[in-house]
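Single-structure report; data block below.
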Amino acid sequence: MSRGRAGSRDRSGDDVPRDGADHDRAHGGVDRPRAGDPSQGPPRDGGDAPRPRPGREGPRAGARRALPFPYGTEECRTGRRGRLGGVTISIKTKLGTLVVVSVFITTGLLLVALRTATELRFITVFSVIATLLLTQFVAHGLTAPLDEMNKVAKGISHGDYTRRVRGADRRDELGDLASTINRMADDLEAVDRHRKELVANVSHELRTPIAALRAVLENVVDGVSAADPETMRTALAQTERLGRLVETLLDLSRLDNGVVPLRSRRFEVWPYLSGVIKEASLAASQRAVGSGARAHARTDVHLHLDVSPSDLTAHADVERLHQVVANLVDNAVKHSPPHGRVTVRARRGPSPESLRLEVEDEGPGIPESERHKVFERFNRGSVPSPHGPGSDGGTGLGLAIARWCVDLHGGRIGVAESVRGCRILVTLPGTPQQRG
């Protein structure tokens, strides 16, 4: 198949609907492959990249929460903490040992009394005293950790997540309980830290467009600038940015609460993806035009679609998949160099009607040390935008939404190895199952 430059038609005469030649030249063409064309070569296949665990996000990926909770793991169900070669002595064993030792002490004293003709009442007194001392020693070892756990639990209930229980290295049930309480405190501390970061990030994201909108309106009210169409477009752009942020946060809230049902159906991949890419290209252009002087139009980035076979079909929720592809393409366009190329590939997955998607750009890529964090909320990474920090207008929520949508389908998403730029790999099963 002959792949033309931006705005050219495929030799097969099949192209994606355009809004005119000007738009085609600005945004690049989407080339459709022909079934059986040998120039396509074998489908590119890559190993599924493991989904990053948000817990290094502290977050374990796979769960539908921003931060991981290990209470469903084998470790917590069994109460074992992976002691290497250690022997666990249960409280029942200790109490049984106490009874056995008490019996031995009493029996020994009785034997001594029989041999020395000692009165029975003295032997009884000595037996009771020895048993009480031994019981007190064992009881103190059992109740002291419980008292400390009670104090730590009260502190945690009052919001002090820094307190920890000592004695988590004990080799009994109390040691397991202390370890569980400490893990709970760690998780609560992480949740509290995440909540504070979320509030701070949301406040910052809301403050920026509100401040810009306020400045525009104040200039109009004070007579500094006229209420001309250009000024109104700037105000409208900031209002739309606020709306996008609120809608994004609402989407994340619905996904977290599990109130987003999956409406999966069978669809043809080529026309579906070509429509999504066209919408993403238009959205990037409109956002650049209406974002003011700091905006940098990304109409120079060429979007390329590669679907093999051309009649590929899949089974998924098209609305949620639209969010995944649109956010991945938008992120790739923002980080592409001038006159860069963003490629969207679609291949058949391992099971019937499953789907493998790749979105690859030619940008600076994602460092190995940050790949586990790219799907966290409000994470923008340390890789600068080609036009400077903060110039892309992103909120750091797009990839988080993409991950949750993939999770809803029971699929996987991750950063795959790439010779150049960044390559995000998405795998969706043929029979998606919604996660509660």
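Cβ atoms are placed via backbone N, Cα and C, with glycine included.
Nobody curates TrEMBL annotations by hand; they come from automatic prediction.
Feature annotations, courtesy of TrEMBL:
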COMPBIAS  7-35  compositional bias 'Basic and acidic residues'
COMPBIAS  45-59  compositional bias 'Basic and acidic residues'
DOMAIN    140-193  domain 'HAMP'
DOMAIN    201-432  domain 'Histidine kinase'
REGION    1-78  region 'Disordered'
TRANSMEM  95-114  transmembrane segment
TRANSMEM  120-139  transmembrane segment
Mind checking which residues reach the transmembrane segment (95-114)? Cβ under 8 Å, same chain, six or more beyond either end.
120, 122-123, 126-127, 130-131, 134-135, 138
Grab the same-chain neighbours of the transmembrane segment (120-139) for me: Cβ-Cβ under 8 Å, and only residues 6 or more beyond its ends, written as numbers and ranges.
94-95, 98, 101-102, 105-106, 109-110, 112-113
So how many of the residues in the domain 'HAMP' (140-193) end up helix, strand or coil by DSSP?
39 helix, 0 strand, 15 coil
